[in-house]
Amino acid sequence: MEITFYKYQGTGNDFVMVDDRGRRLDEKNLGLVRQLCDRKFGIGADGLILIRNHPDFDFEMIYFNADGSESMCGNGARCAVAFASFLGIISSKTRFLAIDGPHEALISGGQVELLMGNVDTIESRAEDFFVNTGSPHHIRLVEDVHTYPVFEKGKTIRYDSVYSPGGTNVNFVQPLAEDEIFVRTYERGVENETLSCGTGVTAAALAFGSKNNQNLIKINTLGGKLSVKFQMGKKGGFDNIWLIGPAELVFSGKISLPPNL
Ligand SMILES: N[C@@H](CCC[C@H](N)C(=O)O)C(=O)O
């Protein structure tokens, strides 16, 4: 079978996108997901995204990590909105469905503003924090994120028994100003550091912003800049959480799948 694919990136978090409105791909075929995301034997990406029709929404985003596991992906969702716009499914505004529920988004000049799900609470974990922003995120504040051993420490926390069996993503956050942070993330499902993680920087912004009483946080990642704005509720929750940043088509092509897939 031949598949037409589109490669997108959002602050260096990269995704293979497939217009699967014709339902040609079997989402249970994890071998296929891994093959497409493999950087040596496939196209190469942190994740695969299928765009499908949905009766109640503009489209549905199905997201897979490179290892075939499913989760919510903030950067992937921003790229999916850019892809849906490219395909002519949406214009400047959309309402779509992801694994964690409905989302809204705005797109203009390559920037996508994504409304994230509400967050009820930030949990303390000794000196660290845990926040679920559609996917699970452990947050640790560090003094110098550039020299921090993100892979080694991230992998250890990702497999900590407190997060078993699902595991967690792990974010290391260096404060730069009272409203600005640098974030590096070890992502489960990629099992490595990625250049940026949208749900991760959102979790980091909520934890950092609530500590500093700021509701608009500038974010730096290895792959570029994002921002997160939100409202803090009286009961320790957060709503109106927007993840804002660029999403870009890098290239497109066709791939012939081996017969065993
Ligand atoms: N890169 C993503 C997060 C993808 C999901 C994560 N790896 C998980 O398994 O929870 C983002 O931009 O949010």
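Glycine is no exception: its Cβ is also placed from the backbone N, Cα and C atoms.
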Per TrEMBL, member of N13, N118 binding substrate alongside N65, G74, N75, N169, E187, R188, G198, T199: N13
C197 (active site, proton acceptor): secondary structure state under DSSP, collapsed to three categories: coil
C197 (active site, proton acceptor) versus N13 (substrate binding site) - Cα distance in angstrom: 7
Neighbourhood of N169 (substrate binding site), C-beta criterion under 8 angstroms, separation at least six: S135, P136, H137, H138, R158, T185, Y186, E187, R188, C197, T199, G200
